[in-house]
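Here's the structure we're looking at; comments come further down.
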Amino acid sequence: MNGVPELPRSAGAATAVLLLLASLQVQKVQMLITTPPDICATCHENATCSEKEDGSGKICICMYGLIGNGRTYCQDKDECKISSLICGEHTVCHNTYGSFYCTCLDGYRPSSNTELFIPNDGTHCEAVDCGMLPIVKDAVAPVASTTTYKSAVRYTCQKGTVWKSGNNTAICMATGMWGGPTLVCKEIDCGRPPAVAHATIVWTNGSRLGSVAHYQCNPGYHSVGGRNYSMCGLHGLWEEASLSCNEMDCGPPAVHPGATAWWNSTRPGSLAIYQCMRGHYEAGGKNFSTCLTNGSWDNASLLCKEIDCGPPPSVLHASVVWTNGSRLDSVAHYQCSFGYHSIGGRAYSKCGMRGIWDEVSLSCNGESNISLTEWKYQHGFPSCVVSDLTCLNLRRPPKYEPEITSVKVPVFTQTSTCFVETNCGPPAVHPGTTTWWNNTRPGSVAIYQCIRGHSVVGGKNFSTCLTNGSWDNASLLCKEMDCGPPPVVSHASAIWDGSTRLGSVVFYECKEGFRHVGERNFTVCTVDGDWENISLVCEEIYCKVPHLIQNANLLWDGSRHPGSLASYQCKEGFYFKGSKNFSICNLRGIWDSISGECKEIDCGPPPSLPNITPLWNDTLDLRYGAVVYYRCTEGFYHAGGDNFSMCAANGLWQMTSLLCKEINCGKPASIPHATVLWNQASQLGSKVYYKCQDGFFTHSKNNYSMCAADGKWGQLNFTCIEIDCGIAPSLANAAMTASNGTVLGSVAHYQCNEGFINMGGTNVSICTGQGKWLLATLICDGIKEASPVISDLVIFDEKCIKWNAQRDRRANETYKLHLKGLRVYQEGFLEEIVTNFTSSEDSPELCLNLHPGTNYSLHITALSTGISTQAFLSTEIGDPGVPEIVFPIAEDPLPSFTFRKMADINGPISLYQVIVASQDRSLDFDCGSHNIPNFYSQDENEQIYLAAEFHAEDLSEEVVFLIGDRRFFGEYYNAPLDKSRAYVIILRVISEWKQVQKQSCVFWVQTKGPSYTTQHITILAVGSGVLVAFFVFLGNSFVWYCGKKYPCG
């Protein structure tokens, strides 16, 4: 049954009784209402008693700003709840007793520049617009997408500057001013470049972004790698220079032939002393060398020549046994010639330090003074007997062929004794030596000499043949030749296998930064144990003076050796375009090329700025130092700041501080008796139109004012003059019975003079907007016979009319009624009724079946004469009726119901309210009550509260409402239900129109079964002003009780 569960019989019976009681109660209430009361006596204290417009009686009307029926209640009309947009968009509505006012939300401001306003004067809230961004020195901001309230824009420091302090964000405040930014941008200054050990800074003293400082090793130091420059970076710090300078090292000083060098250091300034070696003597030149700052020894010119004693001196009657060496310590041995013998003295000579042989004291005497036997003995002949005499020949030593000497001996007799000569044989062989001798007889000398590739270490270098036929010991020690370390050549590296023996070769290669200018670049270990002299000279590489670059200054310290740096700095008005603005002296003695050039600074076209126009054309100089001027674009005015910008050294236009604000003429002035037609725009060129109000006219040709460049609305000579139709015109055979003036809308009433009757036409002249009377068409004709006349038309009880009829002799008169009804709140509504009505009464009465809440125009015409009259009436709204409600059968966690939005049948539906009442006690409820509290304000004794309220325009066609879902509906709280109680749920529908309010209520009893299954019973639907006594709750309690104690059904 329409979604309502079937009740047990006992419950149904009780419900039927209760419905009957309720019906009687409704009839009683309706009966009371139909009894005509003394209206004025029943008016509320906040209401006034006034005559109805149709004169049919009195009516109580609540004072302005209050709402109610004027009798039982007049309460404050909360205009803020009538419509969420009563104040317009972006507003807050503030209700006051009997009125209200509006304020704008944060970020919006009233168009009338008044903090509090009521929108009936056209005031609205417009978004706060902070306009042009503030100018911050050395900072830039992106183009703001919005400049309204809470818009935020972040600034960044211009290139070459750094954020030092302050906040970099500008926020549009509710005051229409930008809050911030407070950032401070300072030009990047890296200060003095950092020091590099043992290096000098080559620098222009510039410390701005992009400045470059070059480093060069100090004299006495040289670069061993790393970056030799530093650049001032974005963070105000110099980039690290990785240049490493090591102290110059001249290395071992150069070797001079026959000289030994002595030094204690190889750093610049150190001294090397040269001294001729033993066996050499100074032949001139400088004997010292200094280590220079370029890492080379200056030349020492010491000349050491080897001592040479020449051939040894001759000794009388003696021969020299000699190796042909004439150097220091060379020895020449002497031996008495044949036939002579030594009588004493030193038999050798040595080459001395002065280049002279020592004196020889050997003395040789002739042989006549000795016997043959003694001579033979002295000369090594043994005693022996021979049969004849033999010529003795000297033995020839190997590889030595001395002159053959014939020894003539005396002739002796055969009986004489003959001696055999003593022979020592070849001398002993010594390692690494060669032996020289000319005889093997006693007294002969064998000379030992180190073979090629060996040198004397020590010992005696000769041996003598003794008379006993043996050689005495020679102690000469020969060691294989070792030239030692090869000589050091300044600024050259040795390429060598490490061998120092005879014939070993060492090659030399100039070090980096030096080049080979000599001929021979190698040396050989010689038989003298010395390395040969080399002619290699390593000369330091030097570059020429660096070449100049157009429009650039050369930054150079004059150094020209490899690794020296020359940098270029563009002249003022130029900038460097490229990747490398410096040149380095390379190992070929050439400055390497730079990569780039100095181009003239050209800032290009000046930037476009919001609301600012540059005064610029194609002929403007855009180079460094050029100036461009600005002016505010049309619609904006100069509000401060400089109006020019200069092309800066960074190729950018300096930011102008020109501040342009939009021209705003504000709210236009009002003109008496004129309506302002304005779209709220007040910028330059905006127009506001004026139109005279009804009842006024103007002779002015121009009806608008324009916002001018001075921020003021243009002068307008517009005057509204009240329309005056003058004295109402007279009608033939008629007299003017009443006139309420001569201005627009004034009415003059006419009636036929005595003896004349109304033959038709209107009896009213109306003053029109053209300043002329719309003349009445009343026709008054002389009385011939009584004709029906309609007069004194009265409307009563809203839907009934009566009038006086002057009839002729006919018993009945037929009237034609033309009725047209419209509703201002219901677009498209039109009711039109055309009917005839016949009556024989002198005061006919007719009640019409009219729609409630409708404005009607009524024309009544007497058909016999064609005489007509016109009237206007409005019907009061009726009870809204009962909405369509659906109760769900299925169990839900929360009880609910669904209702459909009602059509505006009996009047405009304004509100839907859900009221909750406890069933714990009897309760009288007036559906028209306006004193129902919210949940938190309810009286504990009454236990009734308003849970939710909906504006009709906010609802969809179908609404599902959950009872007790803990939600707030405006100020009303939908509180959860107590499961131990039963409740009555009331849906009240309220209709309001023309200060009249009607309502209807639907009562819904809700109980709980043993399984907490919600049971729904629609108890009663009543209209406005109906008082329902809830004795029905006893019946409902019975149902609940039945469900709890006994099985139902």
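Cβ coordinates come from backbone N, Cα and C, glycine included.
Feature annotation from TrEMBL assigns disulfide bond to C43-C60. In the three-state DSSP reading, C60 (disulfide bond) counts as strand.
Positions annotated as domain 'EGF-like' by TrEMBL: 36-75 (among others).
TrEMBL lists 76-115 (among others) with the feature domain 'EGF-like'. For the domain 'EGF-like' (76-115), the mean pLDDT of the prediction comes to 83.
If you look up TrEMBL, you'll see 128-187 (among others) marked as domain 'Sushi'.
TrEMBL lists 188-247 (among others) with the feature domain 'Sushi'.
Under the heading domain 'Sushi', TrEMBL lists 248-306 (among others).
The annotation domain 'Sushi' is assigned in TrEMBL to 307-366 (among others).
What TrEMBL records for 422-480 (among others) is domain 'Sushi'.
What TrEMBL lists as domain 'Sushi' is 481-540 (among others).
What TrEMBL records for 541-600 (among others) is domain 'Sushi'.
DSSP places the residues of the domain 'Sushi' (601-662) in helix, strand and coil in these numbers: 0 helix, 27 strand, 35 coil. Per TrEMBL, domain 'Sushi' is recorded for 601-662 (among others).
Feature annotation from TrEMBL assigns domain 'Sushi' to 663-722 (among others).
Annotated domain 'Sushi' per TrEMBL: 723-782 (among others), in sequence order.
Positions annotated as signal peptide by TrEMBL: 1-31.
The transmembrane segment annotation in TrEMBL covers 1017-1041.
In the shown protein chains, 22 other C-beta atoms lie within 10 A of the C-beta of C43 (disulfide bond). Stretch with the most C-beta contacts under 8 angstroms to the domain 'Sushi' (541-600), considering only 76-115, 128-187, 188-247: 188-247. Residues 63-67, 121-128, 148-150, 174, 176, 666-667, 680, 910, 949, 951, 953-954, 970 of the same chain lie 6+ residues outside the domain 'EGF-like' (76-115) yet bring a C-beta within less than 8 angstroms of a C-beta in it. If you look at the domain 'EGF-like' (36-75), the same-chain residues 6 or more away from its ends with a CB under 8 A from one of its CBs are 97-99, 794-797, 871, 873, 928, 930-931, 992, 995-997, 1025. Across the domain 'Sushi' (248-306), DSSP helix (H, G, I), strand (E, B) and coil residues number 0 helix, 22 strand, 37 coil.
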